[in-house]
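Data block below; observations after.
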Amino acid sequence: MARRAASRAVGALRSDGSIQGRGGRAGGSGAEDARHVFDELLRRGRGASIYGLNRALADVARDSPAAAVSRYNRMARAGADEVTPDLCTYGILIGCCCRAGRLDLGFAALGNVIKKGFRVDAIAFTPLLKGLCADKRTSDAMDIVLRRMTELGCIPNVFSYNILLKGLCDENRSQEALELLHMMADDRGGGSPPDVVSYTTVINGFFKEGDSDKAYSTYHEMLDRGILPDVVTYNSIIAALCKAQAMDKAMEVLNTMVKNGVMPDCMTYNSILHGYCSSGQPKEAIGFLKKMRSDGVEPDVVTYSLLMDYLCKNGRCMEARKIFDSMTKRGLKPEITTYGTLLQGYATKGALVEMHGLLDLMVRNGIHPDHYVFSILICAYAKQGKVDQAMLVFSKMRQQGLNPNAVTYGAVIGILCKSGRVEDAMLYFEQMIDEGLSPGNIVYNSLIHGLCTCNKWERAEELILEMLDRGICLNTIFFNSIIDSHCKEGRVIESEKLFELMVRIGVKPNVITYNTLINGYCLAGKMDEAMKLLSGMVSVGLKPNTVTYSTLINGYCKISRMEDALVLFKEMESSGVSPDIITYNIILQGLFQTRRTAAAKELYVRITESGTQIELSTYNIILHGLCKNKLTDDALQMFQNLCLMDLKLEARTFNIMIDALLKVGRNDEAKDLFVAFSSNGLVPNYWTYRLMAENIIGQGLLEELDQLFLSMEDNGCTVDSGMLNFIVRELLQRGEITRAGTYLSMIDEKHFSLEASTASLFIDLLSGGKYQEYYRFLPEKYKSFIESLSC
């Protein structure tokens with residue numbers, strides 16, 4: 001009899017195991033299998049082991065906390081005669097309640113555990129502590145750990161304390177976290193000393209709050225206690241240093257990390273790459289990418305995306321595309337954000353052909369455009385003035401089942417307003433509201449700007465009143481933005497009307513409003529009106545500032561009324577408003593433009609004696625002014641002095657001197673300066689190459705021109721349509737048809753257009769048949785074009 005009972009028990013266990021084997025991990029069919037296993041075991045009642053039920057319940061909980069709670073309730077209803085939940089069962093239940101955001105039910109379940117006489121351990125409290133901290137109730141969690149757990153005879157462990165530390169740091173209470181850490185270390189933590197996670201959490205908390213000193217202090221305290229940092233600790237420190245662009249220190253920490261036997265991971269390298277990019281050191285970033293590979297750490301999508309983002313934001317899309325291609329060759333699949341980065345880069349540069357090529361590739365790879373990508377396309381067309389194409393993209397978006405969001409509508413409304421199609425913009429505005437989307441200030445700004453531009457003042461005022469009815473705050477900043485846009489477009493009359501409307505509805509103009517309007521009149525050369533605004537500003541109790549006076553002085557300088565500018569400059573100082581370096585720059589420029597070089601030199605001496613920090617822009621103005629007034633030797637002397645100063649020069653400084661030296665025939669000195677770019681840590685820019693190209697062509701050194709062009713591309717300086725057209729014109733004028741044909745091909749390859757002056761010269765020189773023997777050297781489309789003219 002006993003043997004038969006034992007046999008039945010063994011059979012039950014085997015059967016139980018076979019059922020459990022059909023379970024699995026969460027997700028897909030595994031989760032479904034776990035549900036079936038639990039249901040089958042529960043039907044057995046006494047024949048099922050609690051271990052098997054708990055295992056199945058845990059698998060169900062991973063996929064669906066609600067489904068797990070439902071099955072627990074069935075288990076509880078079955079009663080103690082069938083199967084009795086144990087502490088593990090309750091632990092799963094508490095975890096499910098907390099994950100579902102029902103802390104109240106989680107605490108109720110814990111109360112049931114205590115009521116049933118179970119001895120609870122620290123693990124049972126873990127999900128409740130996490131839930132409280134996630135709800136920003138860390139103080140309640142601390143009360144449980146520091147008081148209630150001990151009252152129940154439960155000793156908190158290091159995991160309990162680490163949850164509190166993270167909760168405090170997430171609430172920007174890192175100082176309290178540090179005090180708790182010290183309590184743990186001083187043996188007041190119930191025998192749970194801090195570990196590497198404890199210290200890393202607090203260090204990271206201080207970094208997030210911007211308190212680097214306390215973060216480093218905690219790091220050194222950690223080392224003093226003999227706790228070795230892990231990769232997460234080092235990553236926190238390196239990421240913070242890179243964010244502060246302290247790249248030398250970040251590299252020191254990296255070297256220490258490796259020396260201590262902690263191997264950097266992809267996140268470590270990504271932080272340093274991001275640091276190099278954000279601090280404008282792309283060469284170092286690319287060099288570090290190579291080091292990353294040589295160290296055996298494979299770059300991920302984030303790594304490549306960081307570099308691409310930097311390059312695209314700096315207009316270096318060709319280099320970004322090379323990195324993109326390198327990424328795909330290595331088998332990494334770009335995400336939609338990666339495509340979006342490069343698409344945005346192409347859109348910003350107006351490279352629509354490349355943009356569409358990448359978009360096609362993206363779709364072929366199974367990634368469909370989202371709202372962000374469609375917005376990029378719409379804005380790209382808008383920038384090129386191709387409104388119809390932008391609207392076609394908007395229609396395609398709807399066809400693909402994507403409902404436009406507020407950002408997309410904002411882009412479309414903005415485009416239509418800028419192109420004068422305000423009525424169409426209003427239709428989309430109404431459609432947007434009908435679809436339940438709330439227009440923000442940007443949308444209203446576009447519409448009001450568009451209506452004002454079209455002289456639809458009544459409708460603009462209606463829209464402003466509508467905004468007030470909708471409870472949208474119409475403050476000074478909102479009006480300043482629209483007034484500024486109109487002023488920059490030369491619509492100062494419209495700006496004045498907006499100013500009057502602003503006052504009429506009770507929004508008070510501030511100093512910025514007056515400065516903006518004054519700038520509008522100055523840009524239009526209407527200095528009398530600008531000066532009236534200055535008087536009006538003072539009459540309402542607003543005090544003109546440095547920007548006010550600098551704007552007016554600049555206005556006078558622009559129309560060569562230098563005496564008036566100097567009178568206002570004296571008035572500025574007598575009013576107690578101190579000039580800044582921008583004010584001085586304006587006056588220096590005005591003096592040089594009116595050939596008052598002696599006065600400019602005197603002002604420079606005065607600036608240096610006043611203790612004002614002189615910027616490189618000031619030196620550039622002086623160098624340019626001296627050169628324009630044929631004082632090249634004086635300029636060269638100042639330039640040489642600048643090279644000896646602790647001042648980082650820029651390409652513009654070199655360009656000013658190269659241009660001046662070339663114009664007075666000092667070609668060798670100009671070439672020496674061109675070569676000196678690299679020794680000063682600089683790269684020649686577009687204007688440098690254009691200056692050198694003009695000189696080389698002028699001297700007939702055409703072989704050097706080709707070499708210069710190659711070095712330009714090697715240095716990552718992108719040639720544009722203007723430069724290629726210029727080179728073609730110069731070569732055509734010299735009768736260098738063969739070489740001109742080479743550069744014409746480049747214009748075609750880059751999808752640029754011939755400028756009118758280039759096309760006119762081309763026709764004049766070649767349509768008469770004078771250079772017939774050179775036809776074969778021209779790109780095919782130009783041959784047929786010339787032949788059609790000859791007929």
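A Cβ is built for glycine as well, from the same backbone N, Cα and C atoms used for every other residue.
Within the set 1-31, 187-217, the record from Swiss-Prot flags 1-31 under the feature region 'Disordered'. Across the repeat 'PPR 6' (265-299), DSSP classifies residues as 26 helix, 0 strand, 9 coil.
Mean pLDDT of the predicted structure over the repeat 'PPR 16' (615-649): 91.
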